[in-house]
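Student: Quick one: the structure is below, and I'll ask about it shortly.
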Amino acid sequence: MAMAVRRASASAFRALTSSRNLNSSILTRDLHASPGSKKIVGVFYRANEYAEKNPNFLGCVERALGLREWLESQGHQYIITDDKDGPNCELEKHIPDAHVLITTPFHPAYVTEERIKKAQNLELVLTAGIGSDHIDLKAAAAAGLTVAEVTGSNVVSVAEDELMRILILVRNFLPGYQQVVRGEWDVAAIAYRAYDLEGKTVGTVGCGRIGRLLLQRLKPFNCNLLYHDRVKMDPELENQIGAKFEDDLEAMLPKCDIIVINTPLTEKTKGMFDKDRIAKCKKGVYIVNNARGAIMDTQAVVDACNSGHIAGYSGDVWYPQPAPKDHPWRYMPNHAMTPHISGTTIDAQLRYAAGVKDMLERYFKGEEWEFPPENYIVKKGELAPQYR
């Protein structure tokens, strides 16, 4: 359903927005796509020679979610770049007159309050994937922007990746692989800290779609399953999985042999696992974090890995991203880190490309308030509950 208030002229809108304080009353920008060309800007990672190796590799600059032909056939302008940082980057040139910005967690364009102030025509920010913490959500809400993502697009991909990382850490897989590459053979150097997953206690901090699916995937391994979240899962599902709800995070942590981070990055969760909280975990704990790097205190993780308090740390999320060459997580012992890849499998790319196209179609038709409800991160000045 289109909004009742029609969009003001560009000059009037600029006069209004240039004078307002982003912390003042909410102004919801009219999302009804008026006739004529819209400028859509997409920021993705560059695939280079890999772009041609798979026709379904959609999440890169070269394929641009497979949307270029469709958008341009309707008269819209579609700008694609991977150049997103610094005052002279390509993104900065196009922000002022963009109507739609498509971002991705895997090569995040940081949509700051400053950039939002410059984006006088901006109405819609879409995340191709899950996780919109690279956007200043409060500033977006105050500016009347709508922010949405493709909820569910990466659930299977990330849950499978988390299970893989748990096994890699517990079985001490990487040293064995590295031995083979180096032409070595030393079973004892691997076996002295390799364990079975069966019988271990696994706790997930956050139990949304990904956390629940991970617990379901873990059930056949005969683990003790715990979860901490804002709300309990459906009792029937909880019983089916065999998971136990832990209301008190501090009480859950020392029970866990393995901790998996599945909570979004918010003001409340930023730096959540600092030195003190890590110290409350069981000595020799394994931690898997595919949520967001900034949930962890970077140096506290390094120190705990060096001391052995954390027996192994794995994940694909860093802060910032891309991670600089001197990021300390690259060099700490017993880690199994990768670039941010878990949610950008080819299957996930097909899902989030389709989800972005669906929302753009609705936007062009004036059906901006008819996105799948779970996709909204900011709607009519209100943040989704997990970001409040």
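Here the Cβ of each residue, glycine as well, is placed from N, Cα and C on the backbone.
The following feature annotations were taken from TrEMBL:
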- Ile130, Asn154: substrate binding site (BINDING)
- Arg209, Ile210, Asp229, Pro264, Leu265, Thr266, Glu267, Lys268, Asn290, Asp316, His340, Ile341, Ser342, Gly343: NAD(+) binding site (BINDING)
- 71-368: domain 'D-isomer specific 2-hydroxyacid dehydrogenase catalytic' (DOMAIN)
- 164-342: domain 'D-isomer specific 2-hydroxyacid dehydrogenase NAD-binding' (DOMAIN)
- Arg292: site 'Important for catalytic activity' (SITE)
- His340: site 'Important for catalytic activity' (SITE)
Student: Going by Cα-Cα distance, pick out whichever of the recorded positions Ile130, Asn154, Arg292 is nearest to His340 (NAD(+) binding site).
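Tutor: Result for His340 (NAD(+) binding site): the nearest of the recorded positions is Arg292.
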Student: On average, what pLDDT score does this prediction assign to the domain 'D-isomer specific 2-hydroxyacid dehydrogenase catalytic' (71-368)?
Tutor: 97
Student: Quick one: pull the CA-CA distance for Glu267 (NAD(+) binding site) versus Arg292 (site 'Important for catalytic activity'), whole Å only.
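Tutor: Counting only the Cα atoms, the answer is 12 Å.
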Student: Please identify, among the binding-site residues Ile130, Asn154, Asp229, Leu265, Ser342, the one with the smallest Cα-Cα distance to Arg292 (site 'Important for catalytic activity').
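Tutor: Result for Arg292 (site 'Important for catalytic activity'): the nearest of the binding-site residues is Leu265.
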Student: Sorry to bug you, but what's the C-alpha spacing from Asn154 (substrate binding site) to Ser342 (NAD(+) binding site), rounded to the closest Å?
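Tutor: Rounded to the nearest whole number, the Cα-Cα distance is 8 Å.
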Student: Grab the NAD(+) binding residues from the record (Arg209, Ile210, Asp229, Pro264, Leu265, Thr266, Glu267, Lys268, Asn290, Asp316, His340, Ile341, Ser342, Gly343) and give me their largest CA-CA distance in Å.
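Tutor: Taking every pair of listed residues, the largest Cα separation comes to 25 Å.
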Student: Are there residues of the same chain, six or more positions away from Asp229 (NAD(+) binding site), whose CB falls under 8 angstroms from its CB, and which are they?
Tutor: Gly206, Cys207, Gly208, Gly211, Phe245, Thr263
Student: How many Å separate the Cα atoms of Arg209 (NAD(+) binding site) and Asn154 (substrate binding site)?
Tutor: 10
Student: To see if you understand the setup: which same-chain residues, six or more apart in sequence, place their Cβ under 8 Å from that of Asn290 (NAD(+) binding site)?
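Tutor: Sequence-distant Cβ neighbours: Val158, Asp161, Glu162, Arg165, Ile210, Ile261, Asn262, Gly315, Asp316, Val317, Ser342, Gly343.
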Student: Using Cα coordinates, what distance in whole Å links Ile130 (substrate binding site) and Leu265 (NAD(+) binding site)?
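Tutor: Rounded to a whole number, the Cα-Cα distance is 12 Å.
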Student: What's the CA to CA span in angstrom from Leu265 (NAD(+) binding site) over to Asn154 (substrate binding site)?
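Tutor: Counting only the Cα atoms, the answer is 16 Å.
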Student: List the same-chain residues at least 6 positions away in sequence whose Cβ sits under 8 Å from the Cβ of Asn154 (substrate binding site), in sequence order, or say none.
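Tutor: In sequence order, Gly129, Ile130, Ile210, Ser342, Gly343, Thr344, Ala348, Arg351, Tyr352 meet the Cβ cut-off.
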Student: Can you count the other CB atoms that lie within 10 A of the CB of His340 (NAD(+) binding site)?
Tutor: 24
